[in-house]
Amino acid sequence: MAAENHNRAMCAFSQVRAVTTGWIVDFMFLSLCRRFKEGKFEEFNEIIQTLEAVTECPAKELHEDKTMICAFLARVMHGKQLDVQFEENEDMLPLMSAAKIWADIEHTVAERCVFIDVLELLFVQSVAVCLISDQISHACLALKWFEKNHTLSQNLCCKVSSMVRKKDPRDPLLKSYSFPRLLETIQTYLDAYLEKNPSDYLVKEATKMLQASPESEKSEDDLTQDDLTQDDLTQTLDARRKHPNKKEQNVGNDPSVFTSSSTTKRKLLPTNFMEEWEIDSCRKPFLSVKRIPESDVSQVTSKSMETSSTLKRRKSPRKWTDKLDRHLKRGVKRHGVGKWAQMLLDADLDFEGRTGVMLKDRWRILMKYQG
């Protein structure tokens with residue numbers, strides 16, 4: 001009898017664990033989509049690492065879709081970095097790998113036109129980032145790979161082929177098929193997917209708990225749009241109107257209510273080493289969401305050895321060149337001071353793997369010398 005009760009308890013716990021895991025995956029997925037939209041690379045990478053640990057256990061089909069979408073977003077985020085490797089085949093550039101996953105998650109795309117737009121943008125940008133980096137051989141490889149593995153407009157293929165022959169990274173075609181437009185189109189897809197699959201159960205429950213807690217008065221003012229859905233934000237504002245004795249805050253004029261903290265989080269682990277990411281426990285091809293420069297490929301031996309060596313390994317500071325300074329000044333002129341994420345996504349600006357924090361620190365140094 002005791003053994004039977006124990007088995008029932010274990011079965012019940014297994015079911016509870018599966019449901020709880022689903023909630024966590026939903027929350028991490030929602031957070032990842034928001035960080036992608038905001039271009040916050042540091043936070044994006046932190047969430048990816050957490051999601052990898054959560055998704056080691058078996059997941060249902062819906063969670064598998066979300067895992068695949070996250071892997072797709074990771075490749076797009078590093079799409080302009082040619083030394084980043086997501087697959088064992090070293091010829092597969094990040095955006096080429098993204099296109100493979102995009103074809104696999106076609107069933108999650110609500111509108112056919114959005115699927116085609118993203119595929120064509122991935123095609124053009126895969127070639128464009130190579131031309132911008134003066135990697136003509138990689139551009140030819142990307143062109144041939146897309147023509148062989150995907151159904152594309154013949155007219156578009158001819159235009160991209162012409163762009164490669166001319167070796168012109170400023171071809172007028174790139175104005176219509178720019179990297180920012182790729183990000184915007186993917187965001188349109190994510191908005192539609194989240195509307196159908198809200199993934200906000202934990203967010204709503206946490207918000208209710210905070211609002212009901214007697215200790216929430218102090219922390220409630222710190223809630224941001226990242227932490228609340230639009231409905232929850234409205235409820236919070238209504239609650240403040242009903243309690244005028246609480247600390248007042250001009251929500252309409254205070255941008256801090258709608259933006260996250262300016263303090264940038266550091267990565268728990270560097271993202272320049274690749275780890276296996278299995279969708280579930282059965283034998284399936286892994287989807288790596290980590291990036292790995294070609295110079296470090298030979299150093300990766302196993303997941304356990306990789307983790308320990310990564311913790312100890314420190315990279316020496318990389319020198320800022322005149323070319324990088326020119327790109328930084330051009331980026332500030334084009335996008336404005338503080339728009340570091342937009343500069344990193346600008347196809348015309350190559351910061352050679354620098355982060356937004358690095359751009360900000362370098363700009364302060366330049367301003368100090370000029371002053």
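Indices start at 1 and increase along the chain as displayed.
Keep in mind that glycine also has a Cβ here, set from the backbone N, Cα and C atoms.
Taken from TrEMBL, the feature region 'Disordered' covers 239-263 (among others).
Annotation comment: TrEMBL describes 250-263 (among others) as compositional bias 'Polar residues'.
According to TrEMBL, the compositional bias 'Polar residues' annotation covers 300-310 (among others).
The annotation region 'Disordered' is assigned in TrEMBL to 300-319 (among others).
Among the features that TrEMBL reports, domain 'HTH myb-type' is placed at 312-371.
Feature annotation from TrEMBL assigns domain 'Myb-like' to 312-367. For the domain 'Myb-like' (312-367), residue counts in helix, strand and coil come to 33 helix, 0 strand, 23 coil, using DSSP.
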Query = Taking all residues of the domain 'Myb-like' (312-367) together, what is their mean pLDDT?
reply = 80
